[in-house]
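Marked as compositional bias 'Basic and acidic residues' by Swiss-Prot: 331-341, 513-523, 621-631. Summarising the annotation, Swiss-Prot assigns compositional bias 'Low complexity' to 499-512. Sequence annotations record features per position, and here Swiss-Prot assigns compositional bias 'Polar residues' to 535-547, 588-607. Taken from Swiss-Prot, the feature domain 'PH' covers 216-312. Taken from Swiss-Prot, the feature phosphotyrosine applies to 210. What Swiss-Prot lists as N6-acetyllysine is 225. The annotation phosphoserine is assigned in Swiss-Prot to 590.
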């Protein structure tokens, strides 16, 4: 039941956010989306087809016949299982829907709350609000939450300032008896109660209070824990909840290292200092004993007291400390309210008794005065009554005489009335006979009108059938006209598409023709290169033949006497120079044979005195015959 009330508070905000006109009604399409999101976030299995059936546009579904609240109870809240979903995700869904419409943070960035802080304060408001709609938080709970946030920041506010602030808010909320959530968030955003506090400090304090009240974190902090296998000490971040003691690798709580379940049979004991550790204590469960060490004696005392409180809650069968405290505060407020109401009722009763006493005294004085006036009036009335009696007696005597005369005239008039009555009876008899004849004529006329009405109804039905057939013919004609127009449009689109494809085909043909021309030019270039290559090969062969002829040794001739005049121009080094030039030519010829480039052809032409044939390549035999190096 408590979980259902908490879920209903968040769903109420989502529903009112969808109710734009403030009429208490929301469209079925929006309710269908809301229900689907609730099914998803609450991990309730559902059939999408059945969901569509429930929110049909007709008036046969359960939502149309019963309203959304019975549907919400029957199909959603009755199927919720505690622990099967993450309540924070559910609250985030409802906050997202209501914050888009109702929550407006300062666009200049002067607000004290971030969106996450506003969401957590919204959750805290729902937790501490009354179980009445629209949801409000009474000033006592506002004071309690403010003190919690300020104590988390290690700040203290004077009692006078707090009472002044709450008095201002009470004046704002005096019509409703408390603050709405948007007034509550505006109180934090304005910074009136948080002068000199930074946004980061406030965010950390709100997060700590959120963990304590919503997530039931009784205490958290670093402790040294002794392992069970290696028996070494490691520092861990511990979080104490009513049902367990969890420990993590760091305070971000991303890596859970273990969990210590707590029940009514667990206990906590203080241990003496040993192994270099001080302020030690242990938690004994049914299966294992966990040894821990705090930083100082105060921390150890706080941890042991908090763990004992969690064990006490388990023994009493309670799941949340702050839910129990909230219920106790509510009962105390109700007792104070009853005492105050009883006191006010007693004061009101005493005031009414005093007023009643004063009123009776005034009535007594009035009665005495009225009695004196009544005596005086009674005397006057007695004298007036006597005179009136005399006058009345005289008047009665005169009336008696007039009555005797009237009786005589009345008898004569009665005789005339009897004669008139006899005539009236005869007239009534005639009228009854006439009425009977008129009724018979009326029945005949009614029958004729009924026959006429049946004929008219038949004619109307025939006219309606003819109009229906005419409408069908007109609809058929309109469909044929639309079909003709659509066919004409499709024909025009097809013609445009064919024209576009024709243009694309022409462009493709032009590109193909250009490619063919480029290919033809490339083929011509290849053929020219091949001709040049063949010509170069022929020239190389021709040059090799000439070089082979030049390489034959010159046979010695007949010896002749040498004169100084005959060999005056002979210089032996020139022959060696010629041989080296010949080797160089053969080497250039071999390079030209490997790579017939235009530059090598030009070099060979320059060496051969303008001959177009390239230098022949040297053969392996020639390299073996003349291995002398170049100069």
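Glycine too: its Cβ is placed from the backbone N, Cα and C atoms.
Since we're looking at a predicted model, the values are computed, not measured.
The two recorded residues, residue 210 (phosphotyrosine) and residue 225 (N6-acetyllysine), show a Cα separation of 26 Å. When DSSP labels each residue, the compositional bias 'Basic and acidic residues' (331-341) comes out as 11 helix, 0 strand, 0 coil, counted as helix, strand and coil in that order. Across all of the domain 'PH' (216-312), the predicted model scores a mean pLDDT of 88. According to DSSP, residue 225 (N6-acetyllysine) sits within a strand segment.
Sequence-distant contacts of the compositional bias 'Basic and acidic residues' (331-341), counting only residues of its own chain at least 6 positions beyond either end whose CB sits under 8 Å from a CB of the stretch, comprise 138, 140. There are 20 other CB atoms within 10 A of the CB of the residue listed as 'N6-acetyllysine', with all protein chains counted. Helix, strand and coil content of the compositional bias 'Basic and acidic residues' (513-523), in residues and according to DSSP, is 11 helix, 0 strand, 0 coil.
Around the residue listed as 'phosphotyrosine', a 10 Å sphere centred on its CB holds 20 further CB atoms from the protein chains shown. The compositional bias 'Low complexity' (499-512): residue composition by secondary structure is 14 helix, 0 strand, 0 coil, according to DSSP.
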